[in-house]
Amino acid sequence: MSDSSISQGAAITLNKLTKRYGDATAVDAIDLNAEPGEFLTLLGPSGSGKTTTLNMIAGFVDVTEGEILVDGKPVYALPPHKRNMGMVFQHYALFPHMSVGDNVAYPLRQRRLPKSERGRLVADALNKVGLSNLSHRMPRQLSGGQQQRVALARAIVYSPRVLLMDEPLGALDKKLRDSLQLEIKRIHAELGTTFVYVTHDQDEALVLSDRIAVFNQGKIEQVGSAQDLYERPSTIFVAQFVGESSLFHGLALDHQGGKGVLSSDRTLHAHRGDARSGAHAAMVVRPERIRVQPIDGVEPSGNAVRGRIIQEIYLGNSRKLEVELGDGSKVFVRESAGEVTANRPGDRVWLTFLPEDAVVLTTNESPDRPQLAADVQVPVFTSN
Amino acid sequence: MATVEALVAGSITADTVIDQAAPSKRWGRLGLLVPAGLLLIVGFVVPLVIMLWYAFTDPSVGFGNFAWYLGDAVQQRILLRTFTTAVNVTVVCLLLGYPYAYAMVAAGPKLRAVLTLLVLVPFWTSLMVRTFAWVILLQDHGPLQSLLATVGLGQIPLIRTNLGVVIGMSQVLLPFFVLPLYAVMTNIDRRLILASSSLGAGPLTSFFRIWLPLSLPGVGAGSLIVFISSLGFYVTPALLGSPGNSLISQQIFTQVNGLLQWGRAGTMGVVLIVITLAILAILALVIGRSTSTIKGVR
């Protein structure tokens with residue numbers, strides 16, 4: 001018997017999609033596309049426009065400007081119940097007066113499937129989410145995680161070609177979130193449906209997505225794979241929102257052949273960068289790419305910045321050092337458990353990193369702190 | 001302190017705190033019920049017992065009053081009329097109140113404030129004032145009659161008819177239907193309707209399959225309040241109706257005030273209470289079952 005729930009995902013294209021509420025622009029002319037069968041995550045802080053975008057795709061929110069195409073066809077004229085998309089809400093939105101089985105059968109009843117077919121598909125969907133024996137329970141008798149599984153089953157039972165998920169794990173605790181993430185990933189692989197997933201949790205985005213669109217203030221900062229975003233962030237916002245970043249502020253000196261240089265008393269080199277010469281910029285380095293060595297040794301060659309360790313944070317599989325720089329700004333260094341150095345809080349240290357691990361990016365506003373002065377002794381270091 | 005910290009930590013709920021409270025504290029909380037309890041005993045239980053006492057003892061001990069009541073066809077017709085009037089008033093309130101409560105929930109904040117005020121203003125106005133207003137409106141050469149004549153419907157007797165009584169009582173009792181229903185409707189999660197539409201249900205289906213069943217507890221509560229209140233309504237039927245189509249409360253008044261038959265009045269009171277309680281019990285069973293399936297996820 002062929003598995004009828006295997007469906008081909010639809011392609012989604014957003015063209016200059018805009019939503020304005022009065023004077024406020026919630027979504028600002030975004031262009032974005034999801035390939036058929038892709039897992040696309042809209043990642044951003046609250047109020048960044050990601051949920052509004054999802055609601056426009058679902059048809060819950062009217063589009064101010066721009067268009068939404070599903071498989072090349074505009075869906076503007078279609079009300080939500082005719083878009084044939086699945087939707088999973090943060091707070092489950094299970095119908096409290098219907099049993100689990102009736103909840104899952106609901107979309108099938110709307111599609112007027114015969115009863116026998118309904119029963120088979122409902123059992124199938126509940127099986128997929130691992131709840132095959134709870135069909136007769138009422139939603140309130142289930143835990144949060146189980147309720148969200150039911151909501152998932154209800155959204156996939158009619159094999160929609162697009163599944164929209166609005167922070168579906170947001171109301172669950174960490175352990176449950178982790179296990180459900182893996183299940184969602186598995187179900188996505190099984191179904192071949194296009195998933196559009198909204199979250200503010202960058203770890204979740206990294207675990208689940210084929211590609212991630214990072215939202216900020218109604219605009220998309222960057223779209224790319226988890227690896228793209230982490231290793232090649234194109235804006236400071238992305239660098240700080242996806243994973244942790246240490247920033248060394250200064251003025252961009254030169255930008256040639258894809259290389260960035262940051263001015264300071266001591267110049268720093270990066271293999272990549274987009275900052276124009278003379279612009280306020282920051283050199284962005286991931287904390288685990290920075291090495292720490294005592295300052296009394298030989299002065300290191302290459303990129304090196306002076307600082308003082310002000311805090312040590314033990315994290316089990318690694319430790320994080322908070323280091324204060326000469327300009328008063330603070331950066332993090334992460335040492336994994338196998339390579340912890342002897343440096344302690346209070347120690348003055350060199351921070352070193354390789355040019356290939358650094359990128360120079362324009363800071364939006366001029367930094368609210370003085371420029372990097374790596375070689376200058378600042379009184380705060382010597383006062384105690 | 002420990003319980004406060006546990007609450008802050010979020011590890012236990014308020015319910016468990018109460019359960020774990022020392023017995024003395026629990027009695028302290030029950031003490032809060034004493035004033036209301038005393039009022040209930042003095043103002044309700046005692047008169048009820050006196051009424052029962054009269055029913056079985058006045059003018060002579062025994063079931064004489066009940067034998068009279070059950071044997072009197074007029075009384076039974078009045079009892080039936082009282083119940084049909086109550087049913088009619090409840091139906092009118094349902095037909096007017098359900099769309100109104102829905103409009104209150106669906107409206108924006110400003111319109112909702114206006115709609116709420118429109119419910120509450122009559123609620124706050126004296127019952128006598130409203131009933132006399134209806135006397136003026138419904139009277140034989142009053143505005144409603146001339147309106148009916150202009151429309152070409154001719155004369156439809158309103159004042160001193162059961163129809164007039166139902167109109168007046170419905171208006172008086174409508175807030176008691178709208179307010180509990182509105183309270184239930186505001187608590188329905190609107191995302192359920194979004195979910196329903198995302199799953200392929202059109203607006204009408206979403207209404208009948210999701211919204212209506214979830215609002216039924218409010219319909220039940222509103223209907224019960226209106227129905228029970230209608231059974232014992234006195235002022236409005238007395239002013240808008242006529243002795244020829246009187247309700248049981250008017251009969252009780254006549255027995256006490258005109259005929260000094262305290263025993264018979266007590267008997268009618270007992271009959272009314274027993275039948276009302278029986279209806280309540282049946283409805284509580286039905287509604288209790290449906291609400292227990294409706295109360296659900298938060």
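Heads up, the Cβ atoms here are built off N, Cα and C, so glycines get one too.
All annotation found in TrEMBL is predicted automatically rather than curated by experts.
What TrEMBL lists as transmembrane segment is B:30-56 (among others). Residues 62-63, 65-66, 262-263, 265-267, 269-270, 273 of the same chain sit 6 or more residues outside the transmembrane segment (B:30-56) yet have a Cβ under 8 Å from a Cβ within it.
Marked as transmembrane segment by TrEMBL: B:78-101 (among others). Within the chain carrying the transmembrane segment (B:78-101), a Cβ under 8 angstroms from the stretch's Cβ atoms is held by residues 115, 119, 162, 165-167, 169-170, 173-174, 176-178, 181-182, 185, 215, 218-219, 222-223, 226-227, 230-231, 237, 245-249, 251, 271-272, 275, all 6 or more beyond its ends.
Taken from TrEMBL, the feature domain 'ABC transmembrane type-1' applies to B:79-283.
What TrEMBL records for B:113-137 (among others) is transmembrane segment. Same-chain residues lying 6 or more positions outside the transmembrane segment (B:113-137) and placing a CB less than 8 Å from one of its CB atoms are 100, 103-104, 107, 143-144, 159, 164, 167-168, 171-172, 174-175, 178-179, 235-236, 239-240.
Taken from TrEMBL, the feature transmembrane segment applies to B:163-185 (among others).
Annotated transmembrane segment per TrEMBL: B:218-241 (among others), in sequence order.
Within its own chain, the transmembrane segment (B:262-288) has Cβ neighbours under 8 Å at 48, 51-59, 64-66, 68-69, 75, 79, 82-83, 216-217, 220-221, 224, 227-228, 231-232, 248, 251-252, 255-256, counting only residues six or more beyond its boundaries. The transmembrane segment feature in TrEMBL is assigned to B:262-288 (among others).
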Task: Surrounding residues of the transmembrane segment (B:163-185) on its own chain - C-beta under 8 Å, 6+ positions past either end - done: 85, 88-90, 92-94, 96-98, 100-102, 104-105, 119-120, 122-123, 127, 130-131, 134, 138, 156-157, 214-215, 217-219, 221-223, 225-226, 229-230, 233, 236-237, 239-241, 245, 247
